């Protein structure tokens, strides 16, 4: 009853303000009063934290970090494409252990607070690592890699912590759960689009090291979230129970993974991602530095990535409105097939066939990037839904984080596999003779997961796919209902995490 009254009151606030403004001004004032409603119902510091972490740190900062890191490896460290591919995988390792960050923030309060200290830690990691990269003149590749990984760890910790805050507020105010998820998605999408649009310009004006200096600002804002966040103080917390809770969570996840209906889709998700090897660094070096290639500028690269983010958003909308009710196995078959075929666009570009067809490089790569990102998002969405359906009651958040780590392990294998292929085919900073062969190899490997679709359930995607034995096992485990890690929005960051 209270929730219904709160929801009605929230609606009346927005509607009343809309009536006063009316007409053309609705487009401007409706979002303003929506933000105001969320701030009043939760707390302004929570809304600020979501906008900082999702919009500024992951969206805007993630876009700047991606473009800046690629040019840093290429122009400052002057590494080979295969080496850069391996280094990118190392930088992403902190995202593999997201369940660990989640367990810590949920089970191990620091100085009486569960969330604020972790935001402060994340901000400090980001500020120190970015400033070191920016101001050090001749930073050795090992220390540069360590700094980039520390910055990645800061972003991962902030991501998990704000996810826990969103889930906590969704549990206490379920009538606002959809609004909070919309706030997360909106902040991330706008931040990424703005970031990719501006990143190339800033790399051109101040260089990749200057961009790293700017990235200390989002990290500093994450630190500020830790200072300002409204969170109750925990009195007399017993640290002796932390170890037992960690052990119980591990046992619950292992017990669930032993069911064939759970581990079979997990194997498919890992292999389907790992076999789709990533050779992006080879392509990046080619279309920015090769005399025989397009030689795109920094501004052009940033704009291409921004167009790709629009394609990704369109893919999410297409899945939500058209494809979400199709069976997993049938849908993944066609998407995986299209995923392999879309890679042929890169082959056409590298072989310069687009010029023979009268299509300029710039126009063609914009189309290729949009199509690639759209299909990549279409491939990712059903895997996310399937992951959510594999989570047993009682440990939903923890197990979902584990599944996302499995997917991230697949991404890491994909990056390292792509680096190995580039190295074997001798694709270097100046030699791209065999780049077409690397692309062809990638395209063939992209369709090999079609032979693994038997691991995916064939039934209705709207029905439960967990066996009844899991529910009985969870009841016997006696896991406290409110002691699981709630990590709901783990994948709403910039693509590639």
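Note that Cβ sites are derived from N, Cα and C of the backbone, with glycine treated the same way.
Just so you know, TrEMBL annotations never went through curation; they're auto-generated.
Keep in mind the model is a prediction, meaning the values are calculated, not measured.
Which of 100-117, 118-135, 244-261 counts as transmembrane segment depends on TrEMBL, and there it is 118-135. Per TrEMBL, the range carrying the annotation transmembrane segment out of 78-96, 211-229, 363-381, 382-400 is 211-229.
It is 141-162, from the ranges 9-30, 141-162, that TrEMBL records as transmembrane segment. Counting Cβ pairs under 8 Å that are 6 or more residues apart, the transmembrane segment (44-64) and the transmembrane segment (267-288) reach fewer than 3 and are not in contact. Here the transmembrane segment (300-319) sits apart from the transmembrane segment (211-229); fewer than 3 CB pairs are under 8 Å, leaving out pairs fewer than 6 apart in sequence.
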